[in-house]
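Taken from TrEMBL as is:
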- 80-99: transmembrane segment (TRANSMEM)
- 111-132: transmembrane segment (TRANSMEM)
- 168-193: transmembrane segment (TRANSMEM)
- 205-225: transmembrane segment (TRANSMEM)
- 281-305: transmembrane segment (TRANSMEM)
- 325-347: transmembrane segment (TRANSMEM)
- 375-393: transmembrane segment (TRANSMEM)
- 399-421: transmembrane segment (TRANSMEM)
- 502-522: transmembrane segment (TRANSMEM)
- 528-552: transmembrane segment (TRANSMEM)
- 564-588: transmembrane segment (TRANSMEM)
- 567-617: domain 'Cationic amino acid transporter C-terminal' (DOMAIN)
- 594-612: transmembrane segment (TRANSMEM)
Amino acid sequence: MGYLVDSQKEGGGSPWSGGLRSLVRRKQVDSVHARAGVGHQLAKELSVLHLIAIGVGSTIGAGVYILVGTVARQHSGPALTISFLIAGIAAALSAFCYAELASRCPSAGSAYHYSYICVGEGVAWLIGWALILEYTIGGSAVARGISPNLALLFGGEDSLPAFLARQYIPGIDIVVDPCAAILVFVVTGLLCVGIKESTFAQGIVTTLNVCAMIFVIIAGGYLGFKTGWAGYELPTGYFPFGVDGMLAGSATVFFAYIGFDSVASTAEEVKNPQRDLPLGIGLALSICCTLYMLVSIVIVGLVPYYSMDPDTPISSAFTHHGMQWAAYIITVGAVTALCSTLMGSLLPQPRILMAMARDGLLPSFFSDVNERTQVPIKSTLVTGFVSAVLAFFMDVSQLAGMVSVGTLLAFTMVAISVLILRYVPPDEVPLPSSLQESIDSVSLRYSKSSQEINVGKPVVYVGTSVDSTLPLLGEKGSTIELPLSEKQEAQGILSEEKRRKIAGWTIMFTCMGVFVLTYSASSLGLPGLLRFTLCGVGGALLLSGLIVLTFIDQDDARHSFGHSGGFICPFVPLLPIACILINVYLLINLGAATWTRVSVWLVMGALVYAFYGRTHSSLLDAVYVPAAHADEIYRNSGDSLA
């Protein structure tokens with residue numbers, strides 16, 4: 001019947017085989033039954049407007065106030081707007097994938113949760129562990145950036161009150177930042193009050209930031225029409241660095257769109273996730289892309305790109321035209337942008353920790369939800385304390401590249417999860433061993449039905465293996481002859497099994513092709529012949545995988561996977577494969593120093609999983625049953641208890 005028990009429970013196999021099996025065990029989409037045993041639940045308070053506030057607030061940081069000058073001077077020139085557009089389209093590929101998975105699997109955990117369901121426990125752990133690093137360092141780096149901008153509002157770099165100003169401690173050769181730590185504690189306290197209250201506060205701060213950007217657009221547009229758009233009247237033309245420079249600028253500004261994934265982390269707290277999550281993700285990304293493009297159109301038109309101040313491009317552009325007072329409004333925008341980004345960095349991590357603790361991969365301490373506020377307060381306090389300590393003692397700006405690794409790994413796995421969901425969705429789900437009696441009862445019932453295959457029409461079960469459904473097919477010496485209709489049905493089962501195998505191997509080889517192609521294309525130090533050979537092999541694998549997945553049927557079970565009625569990602573398999581290609585290319589080009597630091601963190605995570613997570617996983621004693629039978633087993637167990 002295809003009922004599988006985790007090998008560790010049975011005691012069979014070597015420890016190594018048990019360890020490898022644990023890496024690929026997958027959990028069930030959180031359902032009403034799965035959540036019944038969980039304690040207090042998160043509050044379902046969020047609407048589309050709340051999600052837009054989270055998405056826009058987490059995405060538009062103060063970086064845009066600097067990126068405009070840096071990218072225009074070094075890469076794009078006046079074509080900066082097109083760079084932002086291309087980067088926005090690339091980010092939208094990931095947003096489409098997130099939107100489908102978030103509406104189908106609306107649970108806390110975001111990419112960690114999706115990877116656990118579609119890929120396996122080992123990959124899910126690494127994604128969750130990388131996201132912890134991303135949000136911790138990201139929050140600390142943002143907090144450290146607030147005090148210098150805040151000081152400008154008080155009149156200068158050293159104008160903050162003494163208890164807030166940065167202080168150099170010669171004995172240990174560090175610069176402490178009390179303002180950063182205090183702001184982290186304030187945001188942590190706000191997050192502990194409740195999701196609706198904290199999101200409302202983030203909405204106010206985000207609105208101030210958006211108003212500052214609208215001021216830049218309107219006032220800058222007025223100045224541009226008044227002065228004749230000097231930045232566009234250049235002898236070098238619209239593409240001074242060529243199309244290659246414009247594309248290089250797109251790769252740089254792509255990271256300005258990181259943040260919309262914070263919306264997916266709040267999926268469990270959304271009132272109507274099937275409708276609101278895709279709308280929230282899509283509208284937040286659209287608003288950010290529109291604002292980025294309009295700001296870039298104005299600023300590169302006010303001042304020639306080669307004359308821009310790389311540190312304060314927007315303020316200096318207005319100062320160049322005699323509007324020194326505008327610098328205060330722009331500084332307010334930068335400060336509010338950083339504050340909303342800080343809230344967006346601290347909001348998802350407690351929910352990631354809570355999801356991992358629910359699954360047994362972290363101590364249950366992190367999974368507690370406060371009864372009154374319906375917020376994971378313990379996880380939030382731990383997150384806030386660690387981020388505050390880092391922000392106080394360390395200048396983590398040199399570690400900022402590590403933030404990108406977590407995000408890009410998550411984007412990549414979400415795209416792979418969409419391919420798995422469409423072509424080879426899990427056909428078996430784990431149930432707790434406490435339901436063994438009900439499982440045995442249902443198993444016996446279907447076993448009796450299958451024994452009547454020669455008397456009546458054979459019963460075909462969704463999610464069961466071919467060998468278990470038709471045990472005599474393919475055995476030598478078998479003399480059973482099935483009627484024509486039954487033969488056709490058996491052949492249909494075999495062809496479906498074959499289709500799933502082809503699709504699974506194709507997805508794997510496609511991902512391998514993406515890695516080989518992007519690595520060889522980025523490794524200029526490789527010998528020419530080897531490099532071009534690898535590019536050819538990787539391109540061939542990628543193109544073959546795209547063609548095969550385009551022409552084979554998607555799995556019918558995708559229609560009933562998770563919660564139905566939500567957003568459906570278009571252009572599968574082209575869109576997810578393009579998403580994987582872009583994100584893997586950006587990952588490979590992050591640099592050796594960044595990967596060295598991240599590798600240390602991932603090795604630490606592997607050790608934590610090996611010595612704790614693997615042996616405490618909630619799937620350790622799980623019993624795997626066909627997905628089509630899960631609800632019946634739960635009903636049967638409820639009837640037996642009644």
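Glycine residues also receive a Cβ, built from the backbone N, Cα and C atoms like all the rest.
Those TrEMBL annotations? Automatic predictions, nothing curated.
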Practice task
State the residues, same chain only, that lie 6 or more residues beyond the ends of the transmembrane segment (111-132) and have a CB under 8 A from a CB inside it; answer 'none' if no residue qualifies.
Solution key: 22-30, 101, 105, 261, 264, 348-349, 352-353, 355-356, 359, 361, 405-406, 409-411, 413-414, 416-417, 420-421, 425-426, 562, 598, 601-602, 605-606, 608-609, 613, 617, 619
Handout entry: Contact between the transmembrane segment (325-347) and the transmembrane segment (528-552) (3 or more Cβ pairs under 8 Å, separation 6+)
Key = no
Exercise for the section: For the transmembrane segment (594-612), could you work out the same-chain residues 6 or more beyond its ends whose Cβ comes under 8 Å from its Cβ atoms? Expected result: 19, 122, 125-126, 129-130, 133, 361-362, 399, 401-402, 404-405
Completion exercise
Confidence over the domain 'Cationic amino acid transporter C-terminal' (567-617), expressed as mean pLDDT on the 0 to 100 scale, is 93
Problem - Remote residues contacting the transmembrane segment (168-193) - C-beta distance under 8 A, at least 6 residues beyond either end - result: 139-140, 143-144, 146-147, 150, 160, 201, 339, 342-343, 346-347, 350, 370, 373, 375, 377, 380-381, 383-385, 387-389, 391-395
Completion exercise
Long-range CB partners for the transmembrane segment (564-588) (under 8 A, at least six residues beyond its ends), listed in sequence order, are 90, 93-94, 96-97, 99-100, 102-104, 251, 254, 273-275, 277-278, 404-405, 408-409, 411-412, 415-416, 418-419, 422-423, 510-511, 514-515, 517-519, 521-522, 542, 545-546, 549-550, 554
Exercise for the section: Please list, for the domain 'Cationic amino acid transporter C-terminal' (567-617), how many residues fall into helix, strand and coil according to DSSP. Expected result: 40 helix, 0 strand, 11 coil
